[in-house]
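Database features, via Swiss-Prot:
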type: BINDING; residues: Thr17, Gly18, Ser19, Ile20, Asn131, Glu133, Gly217; note: NADPH binding site
type: BINDING; residues: Lys132, Ser158, Glu159, Ser188, His211, Ser224, Asn229, Lys230, Glu233; note: 1-deoxy-D-xylulose 5-phosphate binding site
type: BINDING; residues: Asp157, Glu159, Glu233; note: Mn(2+) binding site
Amino acid sequence: MGCDVSRPQRITVLGATGSIGLSTLDVIARHPDRYQAFALTGYSRIDELLALCVRHRPAFAVVPSTEAAVRLRAGLAAAGCTTEVLEGEAGLCQVASAAEVDAVMAAIVGAAGLRPTLAAVEAGKKVLLANKEALVMSGALFMEAVRQKGAVLLPIDSEHNAIFQCMPGDYARGLSAVGVRRILLTASGGPFRETPVEALLDVTPEQACAHPNWSMGRKISVDSASMMNKGLELIEACWLFDAVPSKVEVVVHPQSVIHSLVDYVDGSVLAQLGNPDMRTPIANALAWPERIDSGVAPLDLFAIARLDFQAPDEQRFPCLRLARQAAEAGNSAPAVLNAANEVAVEAFLERRIRFPEIAGMIEQVLDQEPVVPLPSLDAVFAADQRARELSREWLRRHGR
């Protein structure tokens, strides 16, 4: 896929009002000669989306409902902004696959991001993948579509982007063929890394969302606190880099300075370091194979002074064990894991369940739901739906 270098690249930002979307727009705004926002999408923060449209003047904006569209159109008209408003999943897929688009930032959180992200892949776009659930739910189908349609897939998660930067350019030949022994996926350990296990019963959503190093949305903050985020990233790494789960090792690194490492058979270990700011991987993927200024401050090694590492505690973080088991089982297991986790995290944020019950609920759903092949997108969503129903049934059974 080529683009006219005499004009700025047109970027669709799926999930523009979220943390990744806002960081993407920050990087884009630093390089108006290179990039322009073509389409911005939002879900519940319509006023924020309106402000972004007025500032960035995209051709399109997408919202989930007619009610939201009416509200956004009124605001745009009052501001003299000509952005056209589209609705629903059809609108998302339209702006993800439009002929004018050069790159798509896929940053819608959760299963809702799968169809529009896949639409971008099937249109052969350069896809900046921040929605890890797309690969967790439908890894085999997704990667096959990438190959068949000639899409360019660039990881945005700081860990996967770090691995990408530490890999040789021809890693698609196979990890053993390029001398990679294992992938070392770093994890901060989140806010509860040293909390006594018995005290986890009483932690609040506010405590779970107070990450020591990163600024993130509420859902991913809870996933980070439970280490389910790292489990989902393990599954994602297996698909992105064609690795078996045993080749991906999780390392707790509290400072979040080393974003991941690649261990080679000759004894070399390559690591990518940087301040914990998502604008670095976003800028890396936007400009790849070139480099651009991201607005992130240079890393001050003297201020850091030390880097610590430890093995993850699976008694404290059972979600990591469940995710590895799902990765090893393959087929529908990761999709079921993801769906059960989405329901459990929502229930925790609504104070309907306690923090340790997130893992307990997911484990019961995984035990109840048989592992089956997922030959189509319909099969993926059917597995997702069954897992959500089992999760809601668990909540009802436990009086939640």
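Including glycine, each Cβ sits where the backbone N, Cα and C put it.
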Residue among the binding-site residues Lys132, His211 whose Cβ has the most other Cβ atoms within 10 Å: Lys132
Among Ser19, Asn131 [binding-site residues], residue with fewest other Cβ within 10 Å: Ser19
Among Gly18, Gly217, the most crowded of the binding-site residues [Cβ within 10 Å]: Gly18
Mapped DSSP class for Ile20 (NADPH binding site), helix or strand or coil: helix
Distance, Lys132 (1-deoxy-D-xylulose 5-phosphate binding site) to Ser19 (NADPH binding site) (CA atoms, angstrom): 15
Greatest C-beta neighbour count within 10 angstroms, which of the binding-site residues Thr17, Asn229: Asn229
Spatially closest candidate among Thr17, Gly18, Ile20, Glu133, Gly217, the listed binding-site residues, to Glu233 (1-deoxy-D-xylulose 5-phosphate binding site) (Cα to Cα): Glu133
Rounded to the nearest Å - Cα separation of Gly217 (NADPH binding site) and His211 (1-deoxy-D-xylulose 5-phosphate binding site): 10
Of the binding-site residues listed as Lys132, Glu159, His211, Asn229, the one whose CA lies nearest the CA of Thr17 (NADPH binding site): Lys132
